[in-house]
Amino acid sequence: MRKPIIAGNWKMNKTIAEALEFVNDVKDRVTTTEVDAVICAPFLALKDLKEATKGTNIKIGAQNMHFEESGAFTGEVAPAMLKEIGIDYVVIGHSERREYFNETDETVNKKVLKALEVGIDPILCCGETLEQREASQTKEVCKVQVEKGLENVSKEDLAKVVVAYEPIWAIGTGKTATAEDANDVIAYIREVIAGLYGELANDVRIQYGGSVKPANVSEIMSQSDIDGALVGGASLAANDYVELVNF
Ligand code: PEP
């Protein structure tokens, strides 16, 4: 059985004070142990969030990291820096990072491998643009992104990787894939992983992301292959986050 994982991606939102106000509001309402409830916050808030969520069911993730251990990479954050403060997850290869910060399948793969090496579970994002969808390239795009992202991931580490299928045209637009469409692509992504790892693919959690909100989360989560959601906008409001996690 794959444990559902609902992760909020706050993107570049919330100061430390706002982040703490949020967790203090939600922490006693996120009581389920049947779902992994995650908040992926800006770097500056991570340490305080880890401390504020100690003893609760909320896990904390980063939204990016560098793949090198240390060195002359001005402005970057190293894997060990996240590990030191107990970060549980790290989002890797979000489409905004691919689009605005030149992330490639190669750097995404290096980051996935490094996260696993230091003991942080990567959330590996994939998904097609509207143009690619209209050209019926959705599955091929996801196949390439997932195969390249997982290159050299060992069988032992595979189940620590969470894949997030996020059609770019559905991110922050209010448009969602239908639950059936999302399930179809996610089932295909599982087949791609099975092509690489056989039955171990059944242990990999695959999320859907793209305008998920309290009103549609239960329909999305009722699909056979969808194991969770990566949620941007709707994860910023405390009451919505609680509803999402308690889908
Ligand atoms: C995201 O940022 O990963 C995302 C899916 O955003 P939204 O839920 O706002 O579409």
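Easy rule for this one: first residue shown is 1, then count along the chain.
Backbone N, Cα and C define each Cβ position, glycine as well.
The Cβ of Gly233 (substrate binding site) has 19 other Cβ atoms within 10 Å, all protein chains considered. In the three-state DSSP scheme, Gly233 (substrate binding site) is classed as helix. For Asn9, Trp10, Lys11, Gly172, Ser211, Gly232, Gly233, the entry in TrEMBL reads substrate binding site.
According to TrEMBL, the active site, electrophile annotation covers His94. DSSP gives His94 (active site, electrophile) a coil state; it is part of no helix or strand.
Under the heading active site, proton acceptor, TrEMBL lists Glu166. Glu166 (active site, proton acceptor): 29 other CB atoms within 10 A of its CB, across all protein chains.
Around Ser211 (substrate binding site), taking its Cβ as the centre, 20 other Cβ atoms fall within 10 Å, counting all chains. If you take the CA of Glu166 (active site, proton acceptor) and look 10 A around it, the recorded positions you hit from Lys11, His94, Gly172, Gly232, Gly233 are His94. Other Cβ atoms within 10 Å of the Cβ of His94 (active site, electrophile) number 27 in total over all chains. Distance noted between the C-alpha atoms of Gly172 (substrate binding site) and His94 (active site, electrophile) is 13 Å.
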